[in-house]
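Engineer: I'd like to ask you about the structure that follows.
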């Protein structure tokens, strides 16, 4: 026994350990609990197979152990399932978080790139103001005053400020370059060169810098958009060269400039060549010569021939090495652009083939190809940027070479008369303006500009003078040329000085305005501080007055509390012992009915007890009847056995009458015994029948009594319900709809009185402590709720409130 009990104790201790491990709800503890349960299973099998454990004392312990084993195994399994589900949820959440983080990183990177691209060049201001615009029609192009206003990417110009209908506009995205000239600036586009003059020198910087900022901003926007249209196969043109057609025009123009002069045609071809410098009326110097081919005598009979003054174009063998290098570079640029166009065409064809394949390929391969296509525009952008940089470097080199040529040519200038030089320079400057337009517009002109003039025109005379200017070999006066350059430089220096003075004046005015603003801010801060001081002093005065009012109220409340305490004491002394006062007449009736209800409930309990006793007696009688029936059955069986034995013995005697005469006496005795047994059997049967009748009579009597008692109980219950209903109706008529409403009203009134008393006590104690210099921010209403929860007596409230303030 001791060994089995010890095993039971060990198993229970291990089960307690398993319970504690499962409660800890950690994976290591759950694994330990599972191992312990596995080790307990064979122990439980051994205990259940042991005979000592099958005893009634140990069976209950075994059942408890079995139930606990099942419970703990179920708990361990449930905890493991919960842990697995939590791990799965955590993994899913981690995956979702990783996906969200990746998406956020992608979005942040895109937003950063966009913000960086937008923050590199802030949005330029809107340009507006009056300018003088040069006309585009007629030989003498005059300047007219116009009001310019920028709207989005277009610069509209009106007759005056406030007009609604513009004369025209300049498309700013097509702007190639902005260059300053005398008292103005030039704005070059592929279709035209706009010349503007400024009223003030400050306006010059305003317009030039504003236009340059807009150009930078527009280029940055184009780069930030990542050439979305090019990714779809619509072309990869750079911002400077918008289409292949514009560059093809430039190619045709360059090829026509390289061809020799066609003498058979009757038109006059003006093709710019690298040659002698020409001084423009705006102060700029550009290189170039004009080539003329006059028609036959049938077209112009009165015109003189140009054989004496005409200089043929230099052949390729007589060209300077600088000109050869320039032409070679131009040819290289054209060749590169042609190769680029071929690459673009090949790429477009490849893109079309890829799109056809994508329609047949699965969606995964389509996604991969889309990613590759998205990566292609960035590579194309890099290639275009590199090509643009190369072109810019080549243009800079060309400009440097032109400047060197101009310096060389200025050192050996021809000499002519001052009148011819002036007249030629004025007329030749107009011709140079017409020649500069095809140079600045090589992308949209498919053939060089053609000018047809008569012999008597001043333009033709200026051209003759210019040819004489080149052929006679006359020299310009160096001193006049130097003086003109010095005058121009002095003018520029004066303009720069004026600009600097205006800039300094603006800065001084801005600084003075800022100083005034700071002084105003200081004055405002001083006034605000004074106002705050006045407000704080007024608030302090108001608070002092409020404290005095509170003190007066506290004194009044304390007096009222003292009076209330006295009244409460009087009421407590005069309060009767009974639950309700004697003034109400209905209280006696209520009490009497309550007594009746209590007495009837007691009577019902007594009747139920009597019924239980009678039920027990009936069960006892039934048991006795069953015992009697069993005895009668046994007696009947015994009698039947005896009868069977007596009949057998009679047959045996009849067969042996002849042999044994001495057995006659025995037979007679046996017959007498059978008769007695029959009589006794009949007596028993009659007795049994009588007993059965009595049992039936008793059962009917008990059943009748039970029915009577059940009827009595039902009647009493009905009477109780009626009396309770009448009682509640009576109380509702006197007190109200609810039976507890009167008591609830009294309790509410008591709570209101207690709350007012508690608030007055709290305010008085708080003000007293404030006077002494102890401040505490405590809500008195919350303290009242706490007092009611703790069931503190109202006489102990002052001490309790002071303790709460001390704790705070």
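Each residue, glycine too, has its Cβ placed from N, Cα and C.
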Engineer: From the ranges 523-542, 543-562, 563-582, 583-602, pick the one that Swiss-Prot records as region 'Disordered'.
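Structural biologist: When 523-542, 543-562, 563-582, 583-602 are checked in Swiss-Prot, region 'Disordered' belongs to 523-542.
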Engineer: Per Swiss-Prot, which of 490-520, 614-644, 645-675, 676-706 is region 'Disordered'?
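Structural biologist: The range carrying the region 'Disordered' annotation in Swiss-Prot is 645-675.
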Engineer: Kindly point out the range from 191-227, 339-375, 709-745 that Swiss-Prot annotates with region 'Disordered'.
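Structural biologist: Region 'Disordered', as annotated by Swiss-Prot, spans 339-375.
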Engineer: Can you dig out which of the ranges 68-87, 88-107, 108-127 Swiss-Prot describes as region 'Disordered'?
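Structural biologist: Swiss-Prot lists region 'Disordered' for residues 108-127.
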Engineer: At a C-beta cut-off of under 8 Å, are there same-chain residues at least 6 beyond the compositional bias 'Basic and acidic residues' (525-542) that contact it? List them, or none.
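Structural biologist: For the compositional bias 'Basic and acidic residues' (525-542), the far contacts come to none.
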Engineer: For the region 'Disordered' (523-542), jot down how many residues DSSP puts in helix, in strand and in coil.
Structural biologist: 20 helix, 0 strand, 0 coil
Engineer: So what's the mean pLDDT when you look at the coiled coil (487-645)?
Structural biologist: 80
Engineer: How many of the residues that make up the compositional bias 'Basic and acidic residues' (339-353) does DSSP mark as helix, as strand and as coil?
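Structural biologist: Reading the DSSP string over the compositional bias 'Basic and acidic residues' (339-353) gives 15 helix, 0 strand, 0 coil.
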Engineer: Per DSSP, what is the residue count of the domain 'PH' (124-216) in each of helix, strand and coil?
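Structural biologist: Going through the domain 'PH' (124-216) residue by residue, I get 19 helix, 40 strand, 34 coil.
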